[in-house]
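Participant: Got a structure for you, written out below as structure tokens; questions coming shortly.
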Amino acid sequence: MTALGSGEQEAGRSPQHLASLDGLRGFAALSVLVFHLGRWLGVPGLAVNAGLAVDLFFCLSGFVLSLAYGKRRQSLSFSGFMRARLIRLMPLILLGLVVSALYVGLRSGHLEGEVPFAALTLALLLGLVNLPYLGAPGAIGGPQVFPLNGPQYSLFLELAVNAFWWATRRVSQLPLAIALFLGCLAILPFTGLGGDTTDTFWRGFPRVGASFFAGVAIFHLLDRLPAWLGGARLFWTLAAGMAALFYLPFELPLWTQLVWIAVLAPLLILAGARTALQGRLAAWSSIGGDLSYPIYCLHYPLFCWINGLYRLRFGDQNAGIEGPVVIVIVCVASFVLLKLYDEPLRRVLAEGVRRWTYRAAPSAGA
């Protein structure tokens, strides 16, 4: 993710400051869920612009990864960095794919006719290595480039920009970030936003580049910008504006979306980085941050099962019933799977990599 899966705990800022960013991504992840429910359940005007949360995630990722890994640019190899990112992101990606593939395979003959097994297998194999399936048939979820879990496209873009960023880590970061931010931003008025479907796939690269490197630039400018540019008042004003923007009942024109990417989202990250939350608000914000990535990864496959079973039993969709049920189940399942599956598995994988690296080090230096 985006910052959905970023390693904030490795960063050198106080938990109170990180909590403000956690709260942003928790709210944004829930908004993406509501946005998709509006589309999947046919509810017009529901969180129409919350898809722009993806750009907030990319910007958060650039900032938080710079915060977490910036001091290790000389000591951490490219392969070591990418292993850390894969360990952070892939367990829930793999779980979501398996849950979704089981649904698509089992629905054959019940709801929408026979599913092409070869295409389903290819979609699963490509998804397991986080590669897009261009031209996927509609029977398995096309034209989404990740037909078994549509939101996975942003995680592909996230890992792609992470790899590029770490490969260029020895280049002066602030000039590079500003140049890439402006260069990618200049492309977007001509391409528009996208990245999730075959027709719009290539648009995702300037999209992620603009937002991610805006976040990198914010990190490097944080101590240089004047104190008035940030802080609690601006943070809460922009957070309220974000909520209003996401939940407007009509789609914003492209120029307004670009203002969000170029100005409002980066300012929100800057203000959040300078805002310390306290007490219960900080605690709930941290919980929201913890749940944001599981919610993002799992809401599509869980919706497929809930919606499929509901239609099998009652014959048609019912947004008034399914919507609240999906939200509750996704949030509860995200918490349970975070604690019982994702965090334990990541600890095991990280420890395994650490031991392997320790054993390999003497032979590598021989």
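One-based numbering along the chain as shown.
Cβ coordinates are placed from backbone N, Cα and C, and glycine is handled just like the others.
Heads up, here are the entries from TrEMBL:
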- 19-337: domain 'Acyltransferase 3' (DOMAIN)
- 47-69: transmembrane segment (TRANSMEM)
- 89-106: transmembrane segment (TRANSMEM)
- 118-136: transmembrane segment (TRANSMEM)
- 174-192: transmembrane segment (TRANSMEM)
- 204-222: transmembrane segment (TRANSMEM)
- 229-248: transmembrane segment (TRANSMEM)
- 254-273: transmembrane segment (TRANSMEM)
- 293-312: transmembrane segment (TRANSMEM)
- 324-341: transmembrane segment (TRANSMEM)
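Have a look at these and tell me how they're positioned relative to everything else.
Facilitator: For the transmembrane segment (47-69), the list of distant contacts is 1-4, 6-13, 21, 24-25, 28-29, 31-32, 34-35, 38, 76, 81, 154, 157-158, 161-162, 165-166, 173, 177, 193, 207-208, 210-220, 242, 245-252, 257, 260-261, 265-266, 268-269, 273: same-chain residues at least six beyond its ends, Cβ to Cβ under 8 Å.
Beyond the ends of the transmembrane segment (89-106), by six or more residues, the same chain brings 1, 5, 115, 117, 120, 123-124, 127-128, 130, 140-141, 148-149, 152, 155, 158-159, 293-294, 297-298, 300-302, 304-305, 308, 337, 341-342, 345-346, 349 to within a C-beta distance below 8 angstroms of the stretch.
Within its own chain, the transmembrane segment (118-136) has Cβ neighbours under 8 Å at 90, 93-94, 97-98, 101, 104-105, 142-149, 152-153, 155-156, 159, 198, 201, counting only residues six or more beyond its boundaries.
Residues of the same chain lying 6 or more positions beyond the ends of the transmembrane segment (174-192) and with a Cβ under 8 Å from any Cβ of it are 62, 168, 200, 202-203, 205-207, 209-210, 213-214, 216-217, 220-221, 254-255, 258, 261-262.
Residues 20, 24, 27-28, 31, 35, 47-50, 52-53, 56, 260, 264-265, 267-268, 270-275 of the same chain, all 6+ positions outside the transmembrane segment (229-248), place their C-beta atoms under 8 angstroms from a C-beta of that stretch.
Residues 30, 33-34, 37, 91-92, 95, 290-291, 294-295, 298-299, 302-303, 306-307 of the same chain sit 6 or more residues outside the transmembrane segment (324-341) yet have a Cβ under 8 Å from a Cβ within it.
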Participant: Report, as numbers and ranges, which residues of the same chain sit near the transmembrane segment (293-312): CB under 8 Å and 6 or more residues beyond its ends.
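Facilitator: Beyond its ends, the transmembrane segment (293-312) has Cβ neighbours at 1-2, 4-5, 29-30, 32-33, 36-37, 40-41, 89, 92-93, 95-97, 99-100, 103-104, 107, 110-111, 148-152, 155, 318, 321-322, 325-326, 329-331, 333-335, 337-338, 342.
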Participant: Pop the mean pLDDT for the domain 'Acyltransferase 3' (19-337) in here, whole number is fine.
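Facilitator: 94, rounded to a whole number.
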